[in-house]
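Novice: Below are the structure tokens for one structure; questions will follow.
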């Protein structure tokens with residue numbers, strides 16, 4: 001029986017391969033102008049002179065070829081195909097400084113890879129925090145064997161996103177500034193659905209729609225619900241699930257959720273649906289910001305589009321209760337444990353940075369993948385990749401467990417490149433670290449865990465992820481709040497590096513892009529090719545804050561104290577001055593009255609002296 005199943009799978013794969021197509025795209029990346037929220041027109045990054053950028057669609061087994069030409073003029077770029085494993089094509093993953101050099105203005109590269117995963121994905125720039133300026137869009141891989149195919153009549157793709165009126169290169173210096181010592185992230189100016197607002201989606205009664213939802217935003221998680229309709233979740237992050245009914249879902253930045261939505265049997269009304277940004281993520285709550293974006297399921301265009309009803313609470317479906325459709329059971333106990341503590345703190349330049357443990361990420365001078373390919377037998381030594389890339393070298397096929405302890409007050413969506421992971425445990429908010437809770441003792445992990453590539457961790461909580469290192473490559477693990485990528489919340493997995501050396505060669509056009517950008521392509525993280533353990537000259541973060549008080553700090557403290565004391569004195573003097581003036585005026589009035597009403601004679605000098613004495617007493621008392 002097992003042999004028959006295997007032969008059937010091989011036959012199905014062979015048929016798909018024979019039917020596979022090559023999907024070609026020429027992407028000229030340019031600046032265009034757009035006003036998606038109707039409030040502010042600004043430059044955005046488009047493709048071929050248009051924005052929003054196109055949806056990439058293909059069938060399972062197809063080859064995608066994208067010829068990217070950077071015509072921005074003032075910025076480098078790259079493309080990452082979020083959620084695709086790039087098995088055998090690690091150099092097509094896209095993060096600059098990791099698997100490629102950034103593509104400078106005027107240069108071109110080709111991304112060429114086969115898609116062997118069905119589901120809902122997206123693509124975006126993975127260079128210098130760039131994608132919130134508009135270089136992000138859906139990527140959909142259709143599956144002829146989609147397990148719910150017989151129930152589906154039509155398909156709908158919805159993107160959710162936050163939106164900024166300022167360009168990211170304007171916001172980054174404001175964010176990474178000593179004038180922002182708490183690391184407060186810039187708050188978006190708007191919430192968008194399909195890169196617009198007040199969208200209508202035409203539907204027909206009595207049909208079932210396969211709705212693919214992608215959060216392509218930079219920061220905000222989004223709550224989503226449809227009035228008068230239920231959602232049956234069938235996929236998260238490219239992994240099919242046993243169907244699960246939900247009234248409301250929560251989607252972090254970078255996550256995807258697919259569900260079946262069956263329309264009503266009549267056309268008596270149109271129904272609103274709502275995307276609402278998670279305000280808990282924002283340090284500031286601008287009074288003029290509308291956190292919501294409303295769309296409508298349009299049954300009849302001639303009928304009105306009602307305002308959405310108020311909801312009593314935001315109570316979304318718990319994605320940890322989902323079960324993978326394929327029944328893949330919990331992986332065995334790990335061969336390697338990776339513990340990552342999320343910390344936000346200031347360095348010596350006064351700027352607030354994000355850390356895993358005591359390391360904030362700094363991009364190496366040589367892309368990490370290129371260091372793997374040029375380092376011979378030293379490729380298994382994590383030291384050559386530089387401590388500031390936070391590298392972990394993994395052996396092929398070992399089971400890896402990541403324990404993330406969130407020592408921060410905020411929520412974080414963590415994404416793993418090159419894999420999806422089994423989400424085997426997530427604590428509640430304020431549960432403390434995994435170790436505080438006794439680790440695995442007393443906990444029951446799901447037999448068939450949910451798998452996905454991006455998962456939310458709660459404030460001051462923890463989570464445990466598990467995956468098999470069966471995809472040789474250099475893969476990032478990072479928070480997908482783009483501000484936290486910029487501030488360093490990134491680690492690097494170097495997986496089966498010796499296998500990579502045997503199987504991978506970098507295309508000439510990718511090396512040419514490095515040359516155009518004056519980026520070395522050999523050596524360790526510092527670009528040293530002679531002594532791979534010599535990291536002198538590597539990119540480093542600012543020095544830590546000095547212990548105790550520096551001379552400048554002592555002087556600043558003294559002046560602050562003096563200023564504070566003077567301030568208190570001024571306040572006290574001001575508070576006493578008015579009663580004193582009133583008392584003095586009252587005494588003077590008494591003296592004048594005594595002079596006028598006294599026995600008709602000249603003013604009594606003794607009484608006058610007494611009055612003056614009384615005024616002196618009042619003055620001293622006050």
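Placement of Cβ uses the backbone N, Cα and C atoms for every residue, glycine included.
Per Swiss-Prot, signal peptide is recorded for 1-20. Here Swiss-Prot flags 28, 74, 87, 112, 194, 198, 265, 292, 358, 428 as N-linked glycosylation site, drawing on sequence analysis. Residues annotated as transmembrane segment in Swiss-Prot, with sequence analysis given as evidence: 553-573. What Swiss-Prot lists as topological domain 'Cytoplasmic' is 574-622.
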Novice: Measure from the Cα of residue 194 (N-linked glycosylation site) to the Cα of every one of the glycosylation sites 28, 74, 265, 292, 428, then give the nearest.
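Specialist: Going through 28, 74, 265, 292, 428 one by one, the closest to residue 194 (N-linked glycosylation site) is 292.
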Novice: When you rank 198, 265, 358 by Cα distance to residue 87 (N-linked glycosylation site), which of the glycosylation sites ends up on top as the closest?
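Specialist: Answer for the nearest of the glycosylation sites: 358.
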Novice: Nearest to residue 198 (N-linked glycosylation site) by Cα, among 112, 292, 428 (glycosylation sites)?
Specialist: 292
Novice: Helix, strand or coil: which one is residue 87 (N-linked glycosylation site) in, per DSSP?
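Specialist: Coil, per DSSP.
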Novice: State the count of C-beta atoms found within 10 angstroms of the C-beta of residue 194 (N-linked glycosylation site), not counting that atom itself.
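Specialist: Result for residue 194 (N-linked glycosylation site): 18 neighbouring Cβ atoms inside 10 Å.
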Novice: Determine, from DSSP, whether residue 28 (N-linked glycosylation site) sits in helix, strand or coil.
Specialist: strand
Novice: Among the glycosylation sites 74, 87, 358, whose Cβ has the fewest other Cβ atoms within 10 Å?
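Specialist: Per-residue Cβ counts within 10 Å for the glycosylation sites 74, 87, 358 bottom out at 74.
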Novice: Please report the Cα separation of residue 28 (N-linked glycosylation site) and residue 265 (N-linked glycosylation site) in Å, rounded to an integer.
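Specialist: Spelling it out, the Cα of residue 28 (N-linked glycosylation site) and the Cα of residue 265 (N-linked glycosylation site) are 45 Å apart.
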Novice: Quick one, of the glycosylation sites 28, 112, 198, 292, which Cβ has the fewest other Cβ within 10 Å?
Specialist: 198
